[in-house]
């Protein structure tokens, strides 16, 4: 959806930009990809089918015995599917054409529904180079161009020679720089010319041990376990058989007749630890695969993140596109004194594709406290986050938050659950629901303790969390919209909630004093409207 | 490098423009009353359907089912009428304010909220008019920012002329036209 405003701007930008990038060897003609792209098309449609077939897993899990018993059905059907995929990949490759002109890129693709994409360079938000494993031998890479708009306008040139991709990337980024606001572009051009564009300063690298720590602390293994649930029974019997072959007998091992209570307890404990260890190692492997060889570099005003063991990802972001810095610490991170630092940019890109969401954000996994503050200071030199954290400078939210959440959320659930138990003559279960109520009330208190807000001349800082603690810091002028929320009851107690909407998402701070809420919004609107600076 | 040569002198908060002192403009009177009429029509339609179902002579149904039908349909009708009446109460409390550099919209019956949209952050504007809006000459103003679809700023029930004036004002606003120069 374009409007009059942006079209006006566009034409202006086009005029100024055309002079810069003139003659080029690889322009004007429709080009075909190198045949290695067939591999890419096959792999991507394979991935798509798998992610769609995810919902079928429970069905397959229930029936898989009867499916396995009929190989003459499933073997040909799988072979047929693979054949269709390959044919489709070859066709996709055959119809795919791209063309580069002075300041835009055109891509024609699609076997069944034809697509023709025309993307002017100045609309490009972000340029990423991606190198899947199978491209590494032939030296190819994918060049992905993100736009501020919807996912449909996303361009991906599949299979370019790596050098060409790099060259094109610097060309496009050079182009976006041209279309910066006048004051800034003067500054940039006096400082840097295209020739010294190659000197990148490294801000941060992550060693293997850091990644192992990251794998342990960001353990997402319970999700994986949930997915495995239908197979538990089979897995258990398989493991039992396997252990029997090795000469171990679980039944005898855990029998209280042959062993003492202590022994059985120790066996059980060590078995649990063993399983946990295996599961954690999965998470560690995942972390290493996505973050291996992590470097965060800085080139002029751009941050470039490179990582990946199998598929090498590269994400670059201009500092001016940065919306918010998020500093996350879970409970394990608190113990190990590590932080996950995130640089968040426009989220309309991220929402569009769940798969690449993690690679789009610039995340620095498990950094040490001092490194983290250095990075934040580099991005936002005037921030006072460190002082605020040290001096407890955050303003807490009202204690009524505890009462409100317990009375309005947990109590009704508790009452309903208890009544259900009572009427089903399971009075003993009420004990459990009451314990749960106490637990959730305790968590509410923790949540209240974490929630806080602080503000200085340039930034707003929000602290929240449950057991861990997260800090959000954003420049006040980047706010897109503010919301003031108040119920009649809150009004009587002079309390209010405030929501700040940024291009990277919304942040809410509940139940602060009405005066503070008005002050925050007034100050925020003042800074947005008086600064005249673009949020991009 | 937005921060490097940034200089923003401290101001007394009391000197800032205050959003608690907004001069609130009502929406068109036709908006709330039309919504009420539409709601009343829906309730009436539901009543007719329930009536037909209850007294239909075509299919023989047991007394038990008839009783349940009576209970369910009256529950639905009571809930819908409540929603309509509360909606009316909410509608007459909606208001907006246009200031030089931003636009505000207040709504909500129990949960009062005021959304403030600085004009400089506006990406594009739409006027939306459904069939009923066209009949009674109203329009809904939608303002999009980079905050995403979840946070579209909307003012419903504006007289068409007012909506067009607002739209024109925003488009010609210096903060929007100077946006990326």
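Note: Cβ is positioned from N, Cα and C throughout, glycine not excepted.
Given the ranges A:235-265, A:266-296, A:297-327, A:328-358, the record in TrEMBL names A:266-296 as transmembrane segment.
Helix, strand and coil counts under DSSP for the domain 'YdbS-like PH' (A:96-172) come to 20 helix, 39 strand, 18 coil. Averaged over the domain 'YdbS-like PH' (A:448-517), the predicted model has a pLDDT of 91.
In the domain 'YdbS-like PH' (A:448-517), the DSSP tally of helix, strand and coil residues is 15 helix, 41 strand, 14 coil.
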